[in-house]
Every structure is written in structure tokens, then in C-alpha cells.
Amino acid sequence: MEVLIAEHSGFCVGVERAFRIALETAEASKSAYMLGNLVHNKLVVERLKNFGVKTVSDISEIPHGAQGILIISAHGVGPEVYEAAKKLKLEILDTTCPWVKKAQKIAKEFSDEGRLVIIVGDKGHPEVKGIVGWSGGKANVVEKVEDLGKLGLASETPVGILAQTTQPEEHFDAMVSALRKIAKDVREYDTICGATTKRQSAAVELARRVNLVLVIGDRLSANTKRLTELCAKTGTETHQIETVEELSVGWLVGKKKVGITAGASTPEWVVQDVIKALRSAPAGRARSSKSLSQ
């Protein structure tokens, strides 16, 4: 059995930066608070907790006069959180992903121009909620083309459309095309993260060359879920696992090539645990997918 690893997978630059900054802050401060999860990965959150970072679901949970540090997650937050933090006299450590920051800025620009703001994304995702906040709370979140028809848009309504940073490019393109058939004045801005696109392309390429794909990542992670969906669409047997403990030996029976990819919030130590387990299987060996063409 041969184990192939996707060329682009695991921690993206934004997540790696957020994790590093949060760890450094935790080591240097006794009062570090994290609003929500830094990223959608329970193992990362648990490691930060072990370093003393206190997780709160709402800024109101932080005691008045705490004089600590508020860590804003890679998913970002709305402007109201910054204002609340200032009132509590909290030092703000902003680990918002640069791509998410860009999306927040674009949403605000569209809103300031008087456009109806449309965000292509998952309504309940923290990143999307934060972007909505930067639009003045007026943005409409759509998940599928059918949702556009429910907005009751007049053809003369000026519209601005952007995307959650982990959306598939083809899905955003389809939404924009459908919107242009409804509204005459449409401004679009592709806010999809370049790393996300690379990971999705690498995962699909890998899936087409193996008999089994293992997608490693937390089930709350939107980008990991999309990697799983994209790999499965190729017709290759695909399983998402959070840790090596979920790896089923039965999946490996009769498989000559097994591919591994991981979500942007999946730490390297988790990926390595899975690779080691596969290497211990009969004739198991691992290499990068870029060597497939060599």
C-alpha cells in the first residue's frame, strides 16, 4: 500500500499565524481570553486551554476590570466586539486571517456605497457573522442559487456580492452568474482565500489518483467539510476523520494507494499520527503527491 500526501494541506498561513500568536500570548500573560474558538479544531483549542487561555462565547462573560488580553480568532468578529473590548479596557490581540479582514473591508465598502450586500457562505459560521457585522448588519447571506430568488430583488437594486473565504470558486462564480440575471448593477469581489483554492485543487487531483482518500480535520471545520465533499465527488472512496483513532483498518483492505489531505485548521501533529499509522500497515510508505508525476 502506497500513501500519498496532498501537496497543499493542513495549517494555512493564517491559521498558523493565529495559533503561534495565541500561544506566545498565553505564555506571557496570566489573563488571556479567547472569544469563541481560535479555529474550528478541538485539539488546537484544547492545547491553548492547557496553556491557560480562557475561552468565552460572549465578551460579556469577561469580568469587568479583568485587564486581560482578548484574543480575536482567525474567523474575525464584527466592529461591535472591538467597541465592547475597549469599554472593558481589554488589550486586543487580533489574529483575524488577512483574507477575512479583506472580506470585512469589502462588505463595509459595498454597504457604504448604498449597495445591498450579499455574502455567499454558511449563515451560522463565525466568519460570516463577523462580515455581516461590518456591513452594518444589513448583509444577506445566501448558501445556494435558489436563495437569491427569495431576496425579492428589483432589477434596479445596486448589489455587491462577496464570499466566505472558504467557498469553492465554482460555487461563487455560479452565484454571481445567477445574480447578474436578476440585477443590472452588480459589483462582485472574489474574497476566496488563495490557499483554500490550492488545497481544494490539490485534494481533487490526489483523489483521482488513489483508491481511498482520508480527509483529516474537525467536523466543525467548513473547509475540511468541503475537501471531503470535493474528493467524494470524484467517485473515490472518501472518509473524514478527526484523529487517528477514527481510522478504520477495514477501509484499507484491497487499497493500493491511499491519499491524505487535511483542512486548514488541522495541526501537523494530527496529520503525522495518521501517516505513522498507515506506514505501519503492510508495505506502507508515504510521499508527496507532487512526486506522482516524477
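Any Cβ shown, glycine's included, is placed from N, Cα and C.
Keep in mind it's a predicted model, so treat the numbers as computed, not measured.
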Legend entry - Which of His75, His171 belongs with His40, His125, Ser221, Asn223, Ser265 in the isopentenyl diphosphate site listed by TrEMBL: His75
Legend entry - Cys12 ([4Fe-4S] cluster binding site) versus binding-site residues His75, Asn223, Ser265 - nearest by Cα: Ser265
Legend entry - Sorted by sequence, non-His40, His75, His125, Ser221, Asn223, Ser265 residues with Cβ within 8 Å of centre, dimethylallyl diphosphate: Val39, Asn41, Glu127, Thr166, Asp218, Leu220, Ala222, Thr224, Gly263, Ala264
Inset, instruction - Taking the Cβ of Ser221 ((2E)-4-hydroxy-3-methylbut-2-enyl diphosphate binding site) as the reference point, list residues of the same chain whose Cβ is under 8 angstroms away and which are at least six residues distant in sequence. - result: Val39, His40, Asn41, Gly263, Ala264, Ser265, Thr266
Legend entry - Integer Cα-Cα distance in angstrom, Glu127 (active site, proton donor) to Cys193 ([4Fe-4S] cluster binding site): 13
Inset, instruction - Report the nearest neighbour of Cys97 ([4Fe-4S] cluster binding site) in space among the binding-site residues His75, His125, Thr165, Asn223, comparing Cα positions. - result: His75
